[in-house]
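To start, the structure under review is shown below, and the notes come after it.
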Number of protein chains: 2
Amino acid sequence: MAVKGKGLKLDDKGLVAAIVQDANTNQVLMLGYMNKESAELTLKTGTVWFYSRSRQELWNKGATSGNMLKVKELWLDCDNDAVLVKAEPAGPTCHTGEVSCFFEPLTAEHVAATEG
Amino acid sequence: MAVKGKGLKLDDKGLVAAIVQDANTNQVLMLGYMNKESAELTLKTGTVWFYSRSRQELWNKGATSGNMLKVKELWLDCDNDAVLVKAEPAGPTCHTGEVSCFFEPLTAEHVAATEG
């Protein structure tokens, strides 16, 4: 099968950003990063795999907590450097127990206190 | 006002990933990157500002095409290193004319042809 456009375009760390959206509610659940191998594993297994930048290892999201993400749709953006995963979560996606990692309003105080 | 948790946490390039979602339809429209100044401008102006990694400059999304993004909600993730913008788009967000930059299904062929 022909590929429309080019292949997945990795950054200088070998990663693409991957947005996870609930396939049923359309709530945005989290943002992670995939390397080539985690994208392959996500396609092959039908569950979401990331590459953890802090732990520097492949990470099958939810494998420890049981809150796996079942892939329903995978989309690539027009620059080929970002992925949108529409998935069914088995439970809360955030490690805090919240449904989504985006549970805190961004304020001017956060921006004023920017680090790094 | 007290900040819950820490400030915005920039990566080694001084950026955070910013997901844009249509506030009305919940469709994910694009992924961009913000530096501290673009986050400040987004909060201040109520329109979305990014930092363009390729052009290395601040970028008021839609200023050229007229398809501005009007900010309705801003959310920070649990790691303080990703932002979710819920916005009302004035027109198609993608430079191709598509509503969303995520209009192409990701396939094994894209992953096999990975670059970079």
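Glycine is no exception: its Cβ is also placed from the backbone N, Cα and C atoms.
Just so you know, TrEMBL annotations never went through curation; they're auto-generated.
Looking just at the domain 'Phosphoribosyl-AMP cyclohydrolase' (B:30-103), the mean pLDDT is 97. Among the features that TrEMBL reports, domain 'Phosphoribosyl-AMP cyclohydrolase' is placed at B:30-103.
Annotated Mg(2+) binding site per TrEMBL: B:Asp77, B:Asp79, B:Asp81, in sequence order. Counting Cβ atoms from all protein chains shown, B:Asp81 (Mg(2+) binding site) has 18 others lying within 10 Å of its own Cβ. DSSP assigns B:Asp81 (Mg(2+) binding site) to coil in the three-state reduction, outside any helix or strand.
The Zn(2+) binding site annotation in TrEMBL covers B:Cys78, B:Cys94, B:Cys101. Remark: B:Cys94 (Zn(2+) binding site) has B:Leu29, B:Met30, B:Ser100, B:Cys101, B:Phe103 as non-local neighbours, by Cβ distance under 8 Å and separation of at least 6 in sequence.
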- Query: Other than its own, how many Cβ atoms are within 10 Å of the Cβ belonging to B:Asp77 (Mg(2+) binding site)?
  - Reply: 24
- Using DSSP, would you call B:Cys101 (Zn(2+) binding site) helix, strand or coil? coil
- Inside 10 Å of the Cβ of B:Cys101 (Zn(2+) binding site), count up the other Cβ atoms and send me the figure. 24
